[in-house]
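Student: Not my notes, these are from TrEMBL:
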REGION    1-419  region 'N-terminal catalytic PFK domain 1'
DOMAIN    47-352  domain 'Phosphofructokinase'
BINDING   Gly54, Arg117, Cys118, Gly147, Asp148, Gly149, Ser150  ATP binding site
BINDING   Asp148  Mg(2+) binding site
BINDING   Ser193, Ile194, Asp195, Arg230, Met237, Gly238, Arg239, Glu293, Arg321, His327, Val328, Gln329, Arg330  substrate binding site
ACT_SITE  Asp195  active site, proton acceptor
REGION    450-834  region 'C-terminal regulatory PFK domain 2'
DOMAIN    451-737  domain 'Phosphofructokinase'
BINDING   Lys519, 577-581, Arg615, 622-624, Glu679, Arg705, 711-714, Arg786  beta-D-fructose 2,6-bisphosphate binding site
Amino acid sequence: MDVVDSPSKSGVIRPRRTSFSRKMSVLAEPGKEGQQVPPGIWAGNSIGVFTSGGDSQGMNAAVRAVVRMGFYLGCKVFFIREGYQGMVDGGENIVEATWSSVSGILQMGGTVIGSARCKEFRERNGRLIAAANLIERGIANLVVIGGDGSLTGANCFRQEWPGMLDELLQTGKITSQQREDHKHLNVVGLVGSIDNDFCGTDMTIGTDTALHRIIEAVDAIATTALRQVRAFVLEVMGRHCGYLALVGALATEADWVFIPEWPPEGDWRATLCNKLAAERGQGQRLNIILVAEGAIDENGKPITAEEVKQLLCDKMKIDTRVTVLGHVQRGGSPSAFDRILGSRMGAEAVLALMDAKPGTPACVISIEGNSTVRVPLMECVERTKEVQASMDKRNFDEAVRLRGKSFQNNLNTYRLLSKLRPPSSHMKPTSHEDKDPQCYPFTDHISHRNLAIMNIGAPACGMNAAVRSFVRISLTKGFRVLGIHDSFDGLIKGEVYPMTWTEVQGWAGKGGSFLGTKKQWAQDVGVGKIALKFAEFKFDGLMIVGGFEAFHSAYQLAEAREMFPSLCIPIVVIPCTISNNIPGSDFSLGADTALNEITDICDRIKQSATGTKRRVFVAETMGGYCGYLATLAGLASGADAAYIYEEKFNVLDLKQDVEHLKDKILNAGVQRGLILRNELANENYTTDFVNRLFSEEGHPVFTTRMNVLGHMQQGGYPSPFDRNYGTKMAARGVEWLAEMVEQYTDAKGNVRTGNADTVVLLGMMKRHLTFTPVEELAEYTDFEKRIPKDQWWLKLRPLLRILAKHSVVSYEMEAELKTNIDEDDDDEEGEHIL
């Protein structure tokens with residue numbers, strides 16, 4: 001999901017033009033997500049769904065989606081319990097699913113239908129028995145959720161299917177009619193693996209949650225450093241893939257990481273000790289080192305956590321502790337992302353089965369950018385095996401390339417940050433009074449160029465991670481970094497102070513904004529006053545991290561450049577808001593953390609009703625006029641409906657949802673319901689009105705309770721995605737600012753540019769970090785409602801309804817949704833997260 005075009009002088013690995021990730025974009029077939037699929041059009045078919053291999057969080061979401069999408073299309077859906085073992089054993093291990101059998105499993109970790117390895121299935125006779133068990137129940141369509149071994153087994157089963165049916169017919173175990181009705185076995189795979197080690201998908205089910213467990217452990221360990229100076233070595237899973245360790249290191253500010261794909265070069269022991277000694281000399285009390293369980297050196301020799309511990313104890317005399325996280329990483333409730341990922345993949349798997357023809361090869365449902373796609377299963381398996389083959393040959397550059405763009409970009413960013421050293425002349429002031437730019441001791445090569453950073457808008461998790469990355473990378477590039485406190489108000493008051501290396505230590509894992517932030521616009525404060533301060537502090541470049549106010553203010557500054565020459569400097573905006581309502585970016589920094597907070601709150605709200613009969617909760621989310629949080633949180637929490645401004649609704653729609661809830665509670669045996677409403681969804685149908693209407697119309701079947709989630713959505717610790725995203729966005733922003741400063745420095749040494757493409761917003765569009773001029777984005781913005789005119793996530797609205805069993809909905813195309821957006825607006829491409 002990441003861009004990998006950072007300059008080579010930064011030590012990055014440039015992908016070749018023939019990289020696997022590019023090949024996959026050619027081989028991938030678009031899915032049907034968002035397209036019109038009428039209900040019941042695949043009636044008479046049966047689907048078997050099973051999980052195999054190691055479990056991962058989010059598998060239950062995928063199982064639930066398979067069952068409910070199957071029901072929507074008119075199919076029977078069967079659970080195959082205990083994976084391939086249950087397929088071979090048959091009997092009660094293959095049972096028909098019901099609506100209520102997948103109710104309440106969305107928030108559960110592991111897999112409710114079990115997973116087991118099966119020796120019998122590896123032999124043809126075992127597969128023959130499994131085939132007979134499937135035919136007995138009319139199953140000729142399989143959804144397999146597991147790793148590459150499980151998917152390979154399913155493909156082998158599919159290839160042997162016709163021959164096995166002939167043998168079963170000859171032995172009289174099936175009839176000729178059964179042979180004819182089930183002559184082709186269709187297989188679709190979903191990759192469930194916390195390691196994210198499967199080539200062909202941006203993220204595998206369970207990876208994001210495993211990262212949550214890792215950073216939770218590191219955050220908890222970090223607090224013990226307040227008592228005494230220590231080092232901690234954490235072993236994380238990843239026998240053949242270092243993704244968890246690598247991204248975990250980025251998200252937790254780890255001092256070192258060992259992964260299989262990138263062994264340490266040269267005398268790594270001396271390098272590690274020197275690096276830690278330098279950090280200790282700067283007053284750092286805690287050192288964190290992450291070791292993937294499959295980490296090796298250049299010669300292929302394993303590097304263990306115990307070995308690293310002994311090195312630090314013997315050579316550096318550091319009190320060091322080892323923590324092996326083990327299966328903790330597989331446990332706990334799935335993150336919001338894994339729930340949504342599993343739901344989208346599971347639904348698309350059923351649609352892929354429906355489209356399969358007799359010659360259609362087995363495929364894997366993948367997320368590419370922000371779209372579901374179908375990729376050839378065996379192509380992905382072979383590429384995955386090539387990674388290990390490259391590592392066995394010590395061709396580690398090729399192994400990294402084969403891992404794909406996202407892995408490369410994470411490694412590029414880590415390599416950039418891991419090479420950084422605090423400039424020796426930077427000493428941390430003891431107070432703001434000591435931070436006078438005129439008296440602060442900077443070396444000459446740093447002091448002649450100033451890069452400034454500020455936050456604007458409501459606080460959101462990830463702001464501090466972006467500031468930390470900006471400060472450290474800017475310092476090592478030779479810039480003096482000026483932190484603007486409290487947005488434009490602080491700028492006008494002169495609260496602009498140099499920022500130091502040690503000052504931002506530990507910021508990545510903290511919520512809120514340490515710089516201070518306010519919801520204000522440049523024109524409200526006075527563009528002329530702002531321009532005077534730009535000149536006073538001699539800004540050569542500016543990064544603004546914030547929400548819609550940050551984007552709008554940058555646009556106002558760009559428009560005023562002709563009047564105020566001091567504003568003619570490169571300016572880059574990093575979108576950071578929980579509302580995800582900024583044009584030019586599919587995802588805003590902070591939105592992922594907010595989604596996790598909302599999902600967690602909804603889980604607890606529903607849990608509070610345990611033992612209480614028939615209760616429906618109506619919860620209000622933030623987002624202004626943007627329904628992103630309500631929609632995505634609705635998918636992640638299993639909501640029955642989510643009301644938003646972009647999709648108009650009336651009292652008849654509300655009444656219909658009441659009837660749906662009545663039917664679900666009376667006939668499906670489900671005792672709870674959840675309704676989400678975006679805070680500005682409708683000025684008349686308020687949250688209180690919806691609560692009262694449901695209470696009145698739902699009586700006596702159910703009672704209702706109302707919850708306004710409020711500012712809890714802005715709190716908490718940043719998620720792994722937001723820590724990582726903020727770090728990489730700021731790093732890319734600094735690269736751009738440095739290029740612009742060099743390009744637009746005139747003969748007198750002044751930075752002056754009036755070009756429209758030098759006030760930009762850095763956003764994630766599909767899989768790429770893209771710089772778009774704010775004046776261009778203004779054309780695609782509804783400034784009154786503070787939302788983009790096109791929003792990619794609207795295509796997920798029908799899926800939300802289908803999974804909630806709304807019988808009158810169709811799997812509509814996004815363009816056919818009832819929205820208040822102009823029909824002639826250009827479509828924007830959308831992309832997923834982490």
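Even glycines carry a Cβ here, placed using N, Cα and C.
TrEMBL annotations: computationally assigned, not manually curated.
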Student: If you compare CA-to-CA distances from Arg615 (beta-D-fructose 2,6-bisphosphate binding site) to each of the binding-site residues Arg117, Cys118, Gly147, Met237, Val328, which comes out shortest?
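Tutor: Minimum Cα distance from Arg615 (beta-D-fructose 2,6-bisphosphate binding site) across Arg117, Cys118, Gly147, Met237, Val328 lands on Val328.
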Student: Among Arg239, Lys519, Arg615, His711, the binding-site residues in question, whose Cβ has the most other Cβ atoms within 10 Å in this structure?
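Tutor: When each Cβ's neighbours within 10 Å are tallied, Arg615 leads.
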Student: In sequence order, what residues of the same chain, 6+ apart, have a Cβ less than 8 Å from the Cβ of Asp195 (substrate binding site)?
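Tutor: Same-chain residues close to Asp195 (substrate binding site) (Cβ under 8 Å, separated by 6 or more) are Thr204, Thr207, Met237, Gly238, Arg239, His240, Cys241, Tyr243, Leu244.
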Student: So which binding-site residues are near Gly54 (ATP binding site), with CA atoms within 10 Å, out of Ser193, Val328, Arg330, Ser579, His711?
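Tutor: Cα filter at 10 Å returns Ser193, Arg330.
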Student: Just give me the nearest neighbour of Arg117 (ATP binding site) among the binding-site residues Val328, Arg330, Ser579, Cα to Cα.
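Tutor: Comparing Cα positions, the candidate nearest Arg117 (ATP binding site) turns out to be Arg330.
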Student: Around the C-beta of Arg321 (substrate binding site), how many further C-beta atoms are within 10 angstroms, looking at every protein chain?
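Tutor: The Cβ of Arg321 (substrate binding site) has 13 Cβ neighbours within 10 Å.
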Student: Roughly how many Å separate the Cα of Gln714 (beta-D-fructose 2,6-bisphosphate binding site) from that of Gly147 (ATP binding site), to the nearest whole number?
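Tutor: Taking the Cα atoms only, Gln714 (beta-D-fructose 2,6-bisphosphate binding site) lies 35 Å from Gly147 (ATP binding site).
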Student: Looking at the binding-site residues Ser193, Arg330, His711, which has the shortest Cα distance to Ser150 (ATP binding site)?
Tutor: Ser193
Student: I'd like to confirm something. Which of the binding-site residues, Arg321, Val328, Ser579, Gly624, has a Cα closest to the Cα of Asp148 (ATP binding site)?
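Tutor: Answer for the nearest of the binding-site residues: Val328.
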Student: Looking only at the domain 'Phosphofructokinase' (47-352), what is the mean pLDDT?
Tutor: 93
Student: Counting Cβ atoms within 10 Å of each candidate's own Cβ, which of the binding-site residues Cys118, Met237 comes out highest?
Tutor: Met237
Student: Among residues Ser193, Ile194, Asp195, Arg230, Met237, Gly238, Arg239, Glu293, Arg321, His327, Val328, Gln329, Arg330 annotated as binding substrate, what is the maximum Cα-Cα distance? Answer in Å.
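Tutor: Greatest Cα separation within the listed binding residues comes to 33 Å.
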Student: Can you tell me which of the binding-site residues Cys118, Gly149, Ser193, Arg321 is spatially closest to Ser579 (beta-D-fructose 2,6-bisphosphate binding site)? Compare CA atoms only.
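Tutor: Nearest by Cα distance to Ser579 (beta-D-fructose 2,6-bisphosphate binding site): Ser193.
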Student: Around Ser193 (substrate binding site), how many other CB atoms lie within 10 A of its CB?
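Tutor: Ser193 (substrate binding site) is surrounded by 25 other Cβ atoms within 10 Å.
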Student: Reported as an integer number of Å, what is the Cα distance between Arg330 (substrate binding site) and Gly624 (beta-D-fructose 2,6-bisphosphate binding site)?
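Tutor: Cα of Arg330 (substrate binding site) to Cα of Gly624 (beta-D-fructose 2,6-bisphosphate binding site) measures 36 Å after rounding.
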